[in-house]
């Protein structure tokens, strides 16, 4: 059993509308621009395409959109190798296209969040080119080392560190006659945050885009920002993990010298201070989201420490990292509770079930459970983050090696690429049953469109009597009401593989959500067994595809079964359950 009282849960009807800032119960949508909508027919999504579809995002209930990287890039890692932080990638448009997008967001009341990639740049960036030549102030913008001289006079890297993308994390540069560090591709040299000039320049990047009206940033690859310092003219080797015999695989080492260094958190706090400067000017809160696949204690440090504030939304990857198709109700509860048990007082929860680096929900957790997980995402406390296409139940599209473009897959080779390639979860958005699913008029798109697009698309689901999309819209509308914005949480499991949780606000009412992780029907009598004070009759708010009971109908819970791998949202109101209006 888990009980959890979110911040401000006791605020009731009088004045509760002023209790929440816009992000505190926000619904955020990750747009992968390359795959969202192509406006000019070249097979690649772009900013004008995103602008064209903003009304759709408003209609599905979003409060903010997070754009994966849109800055100038040679595209060695599809935008995560930035060659100019102050300009837009030409394939996506230009600054004028960005201004159009920003203006339309403001018109629709959508907040715009940009992906900030601070750990590294492209090796084509002017910073790097000038650092190679030792032109100040760029000389120490990157992590350089002359290497270790061997007895025969040859050079070796200054440590055994391994890149995320396999092989040594050190690359020799002939012009500078030194090694540079790259924790990702060799085309992505690591920036040196021990250099004060670099720290100030990256703050200038944030300020540039804040001055253009963005509402915040998602910070990429945060645990990698700092490495340990040199000891006796070399870096400390990382210990062997014993997890694999493959010495090229990053899992070969325990990354205690290249991740989660103490200085990382102070850098996050410094960036938050930049955002707060802008918030103070106009009382419009700017937010920070952080990406960190690291331990729970480390993630929680991103929130802040003492008087220092950090990210409002350190991404909660517990379910992405740990749940699979075979996961049970107990597994779901374990990872929900692990997050909630460690959440610092006064901080907001967030729930992330998909992104561009992981298999889609249907492929990772089971197609039959797509609705179940979307119901959970939209009814758990506080913030929800949705990856594009998950609202219609898009699934991974198998892609042959000769059409693979993801460097992680290509570097693994034709035998193992399917274990590493992220391309299957990045295919074009499926808008309708027209050519290329309505994504593009091009003869060839940058990645193949999923073969199921004729049946699975936005237009078809909008027209269907019951669909993933219609359920998603109903959920995002309902979650703006007071029970889900302010209700406490009481989460339980049963031996029959059910998760049940209750969200309640005194004098307003309560919601009960039931998730059936079994593949067999289960009686909703479990509601009364787990919550003895619950009513015999409850009203259906929403349900997954296999549930035949119509929304708004009243049911006797003791007489009702929930189909396998399905979910249902029920309510009992004692008074008005109004929509909560957010502050700036």
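Including glycine, each Cβ sits where the backbone N, Cα and C put it.
The structure displayed is predicted, hence computed values, not measured ones.
In Swiss-Prot this protein carries:
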CARBOHYD  119  N-linked glycosylation site
CARBOHYD  256  N-linked glycosylation site
CARBOHYD  283  N-linked glycosylation site
CARBOHYD  402  N-linked glycosylation site
CARBOHYD  516  N-linked glycosylation site
SIGNAL    1-19  signal peptide
What DSSP gives for residue 256 (N-linked glycosylation site), in three states, is coil
Across all the protein chains here, work out how many other Cβ atoms are within 10 Å of the Cβ of residue 119 (N-linked glycosylation site).
21
When a 10 Å sphere is centred on the Cβ of residue 256 (N-linked glycosylation site), how many other Cβ atoms does it contain?
12
Expressed in Å to no decimal places, the gap between the Cα atoms of residue 402 (N-linked glycosylation site) and residue 119 (N-linked glycosylation site) is 30
Within 10 Å of each Cβ, count the other Cβ atoms and name the one among the glycosylation sites 283, 402, 516 with the highest count.
516
Have a look at the glycosylation sites 119, 283, 516 and say which one has the shortest Cα distance to residue 256 (N-linked glycosylation site).
119
